[in-house]
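Enquirer: Handing you this structure, nothing more for now.
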Amino acid sequence: MLKGIHPAISPELLKVLAEMGHGDELVLSDAHFPAHSIHSKVIRADGIGVATLLEGISALFEFDQYVEAPLAMMQAVPGDTLDPSVEERYLAAIKKVNGSTPKVERVERFAFYDRAKTAYAVVITGELAKYGNIIIKKGVTPVK
């Protein structure tokens, strides 16, 4: 355990966050996401919700400021519905740490899968919410 690191951030996830460069993307997936069939770098975060991970990551991770939307979530399939509280929980977790929230874009289901294939890694969580996946894009960490 390290001081200042959220307990939900595993050593493996901390290593991946440090390895990522600006513009790299990380998928935080729900428990139903086909992570192992679409990506070779999968980190398990069983029993931990996406909002909890977003809170921990937001303290360590600068979101990309040079794109319109550094967050991407899956659109509902036609005829299906989204629970707006899922996005609200995720943004509240980020806002708790950063004081503001980046913009979220909605991506068609299969386009989301294609984008996830090119991500730096996929973190499969214990999140049970339908359409509970989010892609986050890393930005440039400011020098202080």
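For all residues, glycine too, the Cβ spot is worked out from N, Cα and C.
Relevant sequence annotations retrieved from Swiss-Prot are reproduced here:
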ACT_SITE  HIS22  active site, proton donor
BINDING   ASP30, ARG109, TYR131, GLY132, ASN133  substrate binding site
Enquirer: How many Å separate the two farthest-apart Cα atoms among the substrate-binding residues ASP30, ARG109, TYR131, GLY132, ASN133?
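Expert: Between the most distant Cα atoms of the substrate site, 14 Å.
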Enquirer: Measuring Cα to Cα, how far is ASP30 (substrate binding site) from the residue listed as 'active site, proton donor' in Å?
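Expert: Cα to Cα, ASP30 (substrate binding site) and the residue listed as 'active site, proton donor' are separated by 24 Å.
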Enquirer: Taking the centroid of the Cβ atoms of ASP30, ARG109, TYR131, GLY132, ASN133 as the substrate site, which other residues of that chain lie with their Cβ within 8 Å of it, listed in sequence order?
Expert: SER29, HIS32, PHE33, MET73, MET74, PHE112, ALA129, LYS130, ILE134
Enquirer: Quick check for the class: what is the C-alpha distance, in angstrom and rounded, between GLY132 (substrate binding site) and the residue listed as 'active site, proton donor'?
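Expert: Spelling it out, the Cα of GLY132 (substrate binding site) and the Cα of the residue listed as 'active site, proton donor' are 24 Å apart.
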Enquirer: Check each residue in the chain of ASN133 (substrate binding site) that is at least six apart in sequence and keep those whose C-beta is under 8 Å from its C-beta; list them in sequence order.
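Expert: Set apart from ASN133 (substrate binding site) by at least 6 residues yet with Cβ under 8 Å, we have VAL27, LEU28, SER29, ASP30, PHE33, VAL50, MET73, MET74, PHE112, ALA116.
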Enquirer: Please work out the number of neighbouring Cβ atoms within 10 Å of the Cβ of HIS22 (active site, proton donor), leaving out its own Cβ.
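Expert: For HIS22 (active site, proton donor), the 10 Å Cβ neighbour count is 13.
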Enquirer: Expressed to the nearest Å, what is the distance separating TYR131 (substrate binding site) and HIS22 (active site, proton donor) at their Cα atoms?
Expert: 26
